[in-house]
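Novice: Submitted below is the structure of interest, expressed as structure tokens.
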Amino acid sequence: MKVNRSDMFVTAIALLITLSAAFMVMLVMIFIMSETPGETLFYFFAGPLTNKYYLGNMFNSAIPLILTGLGIAFAFRSSMFNLGGEGQVYAGGFAATAVCLAMPAAGAFFGITVSLLAAVVTGAVIAGLSGFFKMKWRTDELISSFLISNALIYIVDNFITGPFDDPGNNLLTTSKVAEQFWFNKIFPPSNLDISIVFVVIIAILAFFYLFKTHQGYEMRMCGVNPEFARYGGINVGKYIMLPMLWSGALHGLAGAVYVLGTSHACFKGFSGGMGWNGIAVALIARNNPIAVIPAALFFAYIEAGAESAMINADITIEIASIVQSVVFFLITAQAIYNFLKYRRKAV
């Protein structure tokens, strides 16, 4: 498939305009809300890069976003839409926590392996349901994945505040998992842990799978033109299920990695937009697994900058959510426009 360079140029310009608009919104808000806007801007932009704590936490915040971005990229590459990422992250993190709490005396390697597998399987099954419904009854996976995700969030909340609630903690959280299951920190005093190495490896493997293997080619072909793929002898039904399974597995893994690496417990609402931000990360990266890494770092940089400005200046952490939301809506609008334009051409 040939790449249209003019389309690539237009896409790059549109992305640049989107990111510039988001930062303009941030600048306006800082000048309105802050009594010392110059100082706030310094800590927002320079803070994450001048302090080990902020720098490490920036990379640490990118870890689950890389995984959720990869999960969305897998689905989008085959023209599947997984809007259930938030619930899959949440359920995956809870599954990993429950496994660790069920065997507190297990060895580190065994416990971590089983808990990660539990999270991966949980996420894959949840997303796979939407893929199965699409394959079997042509149910819109965009709607089914969203509804299943919303239902699961309430179910997991009930487990966290019910049978798994930590009675000795004032927060709505489970007990902490045993310390041998915690990922090793590699950049103290920040929360950055060893999982970042494995996440980068996963992104590289995902790239080779999608672009260097026969199965990856078939998956992408089904995304570009499923009818042509069917006439070419490709099992299109397989590539309805498979990308949703991959997508859910990566979302579930994101939840487990966050619990074992950062929170060490499953507290109510811990997913905090990881699933939704993963959509924006994948769209910024144009569904390229390698490009997902800098896209996730961009989102994490905004969060780290807001944290730095909040501690050292006079602005609240919510500015990060506002900027991320602006990026999300602008990027999503651009993607919807491109999708509708492509569909009109196809018709």
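From the backbone N, Cα and C atoms, a Cβ is placed for every residue, glycine too.
TrEMBL annotations: computationally assigned, not manually curated.
From a predicted model like this one, the values you see are computed outputs, not experimental measurements.
Annotated transmembrane segment per TrEMBL: 12-33, 53-76, 88-110, 116-135, 142-160, 192-211, 239-261, 319-340, in sequence order.
Can you tell me where each of these features sits in the structure?
Specialist: Remote same-chain partners of the transmembrane segment (88-110), defined as residues 6 or more beyond its termini with a Cβ less than 8 Å from a stretch Cβ, comprise 64, 68, 71, 82, 116, 118-123, 126-127, 149, 152-153, 156, 159-160, 164, 174-175, 177-178, 180-181, 248, 251-256, 258-260, 265-266, 270-271, 274-275.
Remote same-chain residues near the transmembrane segment (192-211) are listed as 56-57, 59-60, 62-63, 66-67, 70, 73-74, 77, 183-186, 217, 219-220, 250, 257, 260-262, 288-290, 292-293 (criterion: CB distance under 8 Å, separation of at least six residues from the stretch ends).
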Novice: Quick test of the contact rule: Cβ under 8 Å, at least six residues beyond the ends. What residues does that give for the transmembrane segment (53-76)?
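Specialist: Here the qualifying positions are 47, 82, 85, 88-89, 187-193, 195-196, 199-200, 202-203, 206, 210, 223, 243-244, 246-251, 253-255, 257-258, 261-262, 274-275, 277-279, 281-283, 285, 287-289, 292-293, 295-297, 299-301, 303-304, 307-308.
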